[in-house]
Amino acid sequence: MLDIGVNLTNGQFSGDVPQVVARARQAGLNGMIITGTNLTESAQALHLAQAYPDFCWATAGVHPHDAHRWNENSAADLEPLLRSPAVVAVGECGLDFARNFSTPAQQEAAFEAQLALAAQIGKPVFLHCREAHARFIALLRPWLSRLPGAVLHCFTGTRDELDACLSLGLYIGITGWICDERRGMPLRALLPHIPAERLLLETDAPYLLPRDIQPKPKSRRNEPCFLPHIAEQAARWRQQDANWLKQVTENNARQLFRLA
């Protein structure tokens with residue numbers, strides 16, 4: 001198993017990163033990708049990845065919430081991080097019109113700039129989209145032929161949105177959202193429609209703790225060690241063997257991110 005989305009730079013992990021990594025290994029994970037969401041956290045993600053070679057890797061980018069910080073120097077500041085072998089994707093980047101912590105115009109400018117950077121450097125993109133599907137697709141589509149790959153992380157969209165993403169060749173990241181018996185039911189119904197070769201699994205830790213995990217953790221903090229539960233639930237709803245799905249999704253991640 002490989003967790004493609006862990007926010008290990010989040011303050012909730014500030015006191016026990018070694019223990020979190022150890023628990024992930026004990027749970028059977030073979031790696032995790034640490035998400036970068038701004039320049040500072042991307043540098044921190046790279047530092048953490050370098051501390052755990054061949055188990056942790058990083059992304060580097062600017063999340064749409066932080067797009068208001070993007071300026072004429074941002075691409076040049078980001079590029080050295082992206083050229084590190086431990087950084088395997090550009091992102092988290094994309095559009096989030098649900099909250100608009102940055103204006104849509106700021107988000108679109110930062111997104112397009114990062115797509116250009118990914119094309120220039122030759123690394124895949126780690127994507128975010130919330131309530132912005134039409135613009136997201138419109139901005140992304142022209143770049144796809146110049147990118148080595150793309151994953152829409154933490155997918156929670158509709159069947160039409162899923163089909164549109166799959167038609168463009170995107171990988172689909174699925175989280176513990178499928179373990180929420182209230183909000184996750186529509187996503188559960190879509191699981192069988194994601195081809196196995198396009199499916200990736202992630203915790204998005206410390207967020208999105210699977211609601212149905214037993215025994216319930218003392219903390220609401222999600223961790224990579226809970227990825228096996230997500231994989232088993234995904235396999236259940238897809239009516240597939242869990243061990244097979246764990247291996248297939250790891251293979252997918254290694255192919256997309258070009259991991260050894």
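Placed from the backbone N, Cα and C atoms, the Cβ positions cover glycine too.
Cross-referencing His65, His128, His193 with the divalent metal cation binding residues that Swiss-Prot gives (Glu92, His153) picks out His128. Apart from Glu92, His128, His153, the residues listed for divalent metal cation, the same chain places the Cβ atoms of Gly5, Thr35, His63, Gly91, Cys93, Gly94, Phe126, Leu127, Cys129, Leu152, Cys154, Gly173 within 8 Å of the centroid of those Cβ atoms. Look at His153 (divalent metal cation binding site): DSSP puts it in coil.
A sphere of 10 angstroms centred on the C-beta of His128 (divalent metal cation binding site) encloses 25 other C-beta atoms.
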